Amino acid sequence: MWTSWWLWPLVAVCAADQFRDLAVRIMQDTPVIDGHNDLPWQLLNLFNNQLQDPGANLSSLAHTHTNIPKLKAGFVGGQFWSAYVPCDTQNRDAVKRTLEQIDVIQRMCQAYPETFACVTSSTGIRQAFREGKVASLVGVEGGHSIDSSLGVLRALYHLGMRYMTLTHSCNTPWADNWLVDTGDDKAQSQGLSHFGQSVVKEMNRLGVMIDLAHVSVATMRAALKLSQAPVIFSHSSAYSLCPHRRNVPDDVLQLVKETGSLVMVNFYNDYVSCSAKANLSQVADHLDHIKKVAGAAAVGFGGDYDGVSRVPSGLEDVSKYPDLVAELLRRQWTEAEVRGALADNLLRVFEAVEQASNHAQVPGEEPIPLGQLEASCRTNYGYSAAPSLHLPPGSLLASLVPLLLLSLP
């Protein structure tokens with residue numbers, strides 16, 4: 001017995017290799033669908049969305065968590081690319097900038113057709129898998145991107161948006177964000193306002209996944225109660241393990257379980273360990289916890305790569321997903337549970353959202369009350385009591401008569 005002590009490290013290495021080999025085999029059949037990647041923001045920040053810039057070559061892009069070789073090494077088969085614009089665009093140029101971020105995602109697919117396939121459905125994801133491409137979908141990160149307009153919501157859907165985060169780190173006029181729970185923002189909607197409920201219903205009608213990352217706990221509960229389809233948290237972790245208000249508390253995880261919804265675990269150190277440093281094992285702890293509380297069907301990956309300043313040791317970039325999967329296998333996750341976390345759980349939710357959609361239903365039309373909007377940079381067409389030039393003949397004159405009478409001496 002004592003003579004074989006020198007074999008122990010070799011046995012440990014072989015066991016580790018065994019789990020990673022199994023992870024690779026699984027991921028060759030079931031590549032990961034990640035819920036949130038901010039590469040489009042980096043393309044704006046570094047290159048002003050100019051993909052022809054030599055430095056923006058996605059095959060050799062440096063200083064980012066994401067490039068094509070890293071995606072291939074990580075067995076990434078599906079990616080929700082974030083069409084993110086900051087909160088300071090709210091009530092200003094949020095819609096314009098969101099359109100530009102959707103455009104750069106679409107141009108990524110056009111520039112690298114051998115790697116990316118822009119798709120808009122669960123069927124499209126499966127087809128991209130078969131072709132060995134990265135199924136590329138648009139997630140709009142923040143309800144401020146629709147400028148409180150159901151019409152803009154519908155337009156973004158037609159441009160390919162398949163999930164929308166109800167808020168970023170700021171309230172919209174119709175939904176409260178996570179900073180309400182820290183006391184840094186004041187609650188405006190107590191979760192969702194009447195118009196916020198209309199947004200959720202219209203997303204259900206269209207077949208857009210409702211994303212509750214970044215929202216307040218009251219907004220989480222309101223949306224989970226109201227939605228007629230499962231929802232997602234595209235990049236959030238477990239509050240019980242790291243009490244950061246961007247994470248999901250256990251009582252909400254119970255609602256996730258009851259509604260067949262999904263939490264895609266974030267890799268940002270501050271949400272994993274509540275400190276500047278974290279490691280791969282701690283990310284696996286979050287996956288374990290969500291599995292324990294909400295069930296294996298409620299777990300996914302939402303790394304938040306290229307949207308955060310620090311990531312865990314062992315998960316330095318998108319190439320490292322197989323190492324995390326190997327850790328789950330070491331923790332005795334079954335192959336079916338691993339395949340669920342990689343892709344099958346997201347596909348199930350997406351298919352349920354598609355099935356719950358009803359394009360034959362009349363679209364939502366009731367606008368948000370003008371008084372709920374910041375009005376300094378907007379017109380009031382449609383809200384105005386001023387006479388319309390498009391009234392029936394005679395109506396304009398009739399509406400002016402009281403004004404003329406008031407002007408008489």
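Cβ coordinates are placed from backbone N, Cα and C, and glycine is handled just like the others.
In Swiss-Prot this protein carries:
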{"type": "SIGNAL", "residues": "1-16", "note": "signal peptide"}
{"type": "BINDING", "residues": "His36, Asp38, Glu141", "note": "Zn(2+) 1 binding site"}
{"type": "CARBOHYD", "residues": "Asn57", "note": "N-linked glycosylation site"}
{"type": "DISULFID", "residues": "Cys87-Cys170", "note": "disulfide bond"}
{"type": "BINDING", "residues": "Glu141, His214, His235", "note": "Zn(2+) 2 binding site"}
{"type": "BINDING", "residues": "His168, Arg246, Asp304", "note": "substrate binding site"}
{"type": "DISULFID", "residues": "Cys242-Cys274", "note": "disulfide bond"}
{"type": "CARBOHYD", "residues": "Asn279", "note": "N-linked glycosylation site"}
{"type": "LIPID", "residues": "Ser384", "note": "GPI-anchor amidated serine"}
*Within 10 angstroms of His235 (Zn(2+) 2 binding site), Cα basis - recorded positions out of Asn57, Cys170, Cys242, Asn279*: none
*With H, G and I counted as helix, E and B as strand and the rest as coil, say where DSSP puts Asn279 (N-linked glycosylation site).*
strand
*Nearest of the binding-site residues (His36, His168, His214, Arg246, Asp304) to Asn279 (N-linked glycosylation site), judged by Cα-Cα distance*: Asp304
*Report, in whole Å, the straight Cα-to-Cα distance of His168 (substrate binding site) from Cys87 (disulfide bond).*
7
_For the Zn(2+) 1 site (His36, Asp38, Glu141), what does the 8 A shell look like? I mean other same-chain residues with CB within 8 A of the CB centroid._
Asn37, Trp41, Phe80, Trp81, Ser82, Tyr84, Gly139, Thr165, Ser234, His235, Asp304, Gly307
_Within a 10 Å radius around the Cβ, which one of these binding-site residues has the most neighbouring Cβ atoms: Asp38, Glu141, Asp304?_
Glu141
*Can you list, in sequence order, the residues of the same chain other than His168, Arg246, Asp304 whose CB lies within 8 Å of the CB centroid of the substrate site?*
Glu141, Thr165, Ser169, Ala213, His214, His235, Ser236, Asn266, Tyr268, Gly307
*From the binding-site residues Asp38, His168, His214, Arg246, Asp304, pick the residue whose C-alpha lies nearest to the C-alpha of Asn57 (N-linked glycosylation site).*
Asp38
*Is Arg246 (substrate binding site) helix, strand or coil when read with DSSP?*
coil
*Fewest-neighbour residue among disulfide-bonded residues, criterion Cβ within 10 Å, set Cys170, Cys242, Cys274*: Cys274
*Taking just the CA atoms, what is the gap between Cys274 (disulfide bond) and Glu141 (Zn(2+) 1 binding site) in Å?*
23
